[in-house]
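Features as listed in TrEMBL:
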- GLU54: active site, proton donor (ACT_SITE)
- HIS52, CYS82, CYS85: Zn(2+) binding site (BINDING)
- 1-112: domain 'CMP/dCMP-type deaminase' (DOMAIN)
Amino acid sequence: MSDEAFMEMALVQARVAAAFGEVPVGAVVVRQGKVIATGRNAPVEAHDPTAHAEIMALRAAALALGNYRLDECELFVTLEPCAMCSGAMLNARLKRVVFGASEPKTGAAGSVINLFAQARLNHQTELQGGVLAESSRALLQDFFRQRRADQREAARQRHPLRDDALRTPDAAFDGLSAYPWAPRYLSDLPALDGLRMHYLDEQALGVEEGGGPRLTYLCLHGSPDWSYAFRRLIPSLLQTGHRVVAPDLIGFGKSDKPKKDSFHTFSRHRQILLELVEKLDLQNIVLVLPRQGTLLGLTLPLAAPLRYRGLRLMNPDPLAESEYLPLSQGFLLWEQAGGMPAGTETDVACEAPFPGNSYRAGVRAFAAMAPDSGNHDGIASEAGQFWRDRRDECNLHVSFLEKYTNKPYQE
């Protein structure tokens, strides 16, 4: 029989391993042209870290021959063996080892290290790789693709979807560029009432800028944006050694989307954000807010002022640029990153969370929640006074606040 025929037998064992939930790797031991033993991955099932397919096949072959020395034997395995398995093969005095797909992370037959090429060892085993490599690789890729899908479904089950809400399919966000961060979800905030909220939480490793305390940049998007709007700002903030938290408000991005416009009230969204800040225990917060729809964020420090350190505004109106004090370097980094022309991936990303009009209740409601539609029980005036009192600390010009308070600032 040919090498390909024996490797096909090893692939059968790999498929059996996959059926048992193990990484699909299979092996056969051949002596004088006949298969004398088979093995498949079983470390999970056997609670045995050494239960790789090669080890299982070697054990079976040794039992069949009544000898741990397998001098006249060949081993066929679907994946490049690791250091443990390679050592066992050399110790068994195998005549020849044939593998399928390479293993770039742990392969000890040439990918990471080649134990079979060590001339100082007292036994030399012939080595050949790449036999039915594509078939072996495809089996592994299918297995891990399904595992990722199962993990996503398990995560979804941990945050079951409410009957009165919609959840944008993960596939809607596939292919978006410059958004490499792992998604985080929570649904246990009291104000969420079971809705799933998506957020980013990234922390830089290294020394804090200027030797001061580590800051937390809390980035709050406007409507109809989501955390993707900060994709170019986040790396520059992380480079300064700080933490960045960017939630998707309920009704936006990867967060759940209640079907009714009436869900979306100023007080409810504010309460959710307050509970998120408490849940994540955010300290030394610098708010990063959009040019429009900033009132929601501006009111957050009223509940816990000691948690907050400052404010940065995104993309101020160029026509009013002279009304703003000089911008900090961190702010300028955002300005340099922004301003993408229409028709780019930004348009696709902005539409991605809303595959249908029924997903847009939050967008419609936020338009009605504009600051000039009311004073929100006086909280706008209170927020305005809070930031005016701190305008020198936060580098924020007072004129920005006046349009939210309907009351010009008086020295």
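Cβ coordinates come from backbone N, Cα and C, glycine included.
Whatever TrEMBL says is automated annotation, not expert-curated.
The model shown is predicted, which means the values in this text are computed figures rather than measured ones.
Annotated features, which come from TrEMBL, shown on the structure.
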| residue | record | Cβ neighbours (10 Å) |
| --- | --- | --- |
| HIS52 | Zn(2+) binding site | 26 |
| GLU54 | active site, proton donor | 29 |
| CYS82 | Zn(2+) binding site | 20 |
| CYS85 | Zn(2+) binding site | 28 |
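Excluding HIS52, CYS82, CYS85, which define the Zn(2+) site, the same chain contributes ALA53, GLU54, ILE55, PRO81, ALA83, MET84, SER86, ALA88, ALA108 within 8 Å (Cβ to the Cβ centroid), listed in sequence order.
Under DSSP, residues within the domain 'CMP/dCMP-type deaminase' (1-112) fall into helix, strand and coil as 43 helix, 27 strand, 42 coil. Straight-line distance linking the Cα atoms of the residue listed as 'active site, proton donor' and CYS85 (Zn(2+) binding site), rounded to a whole number, equals 6 Å.
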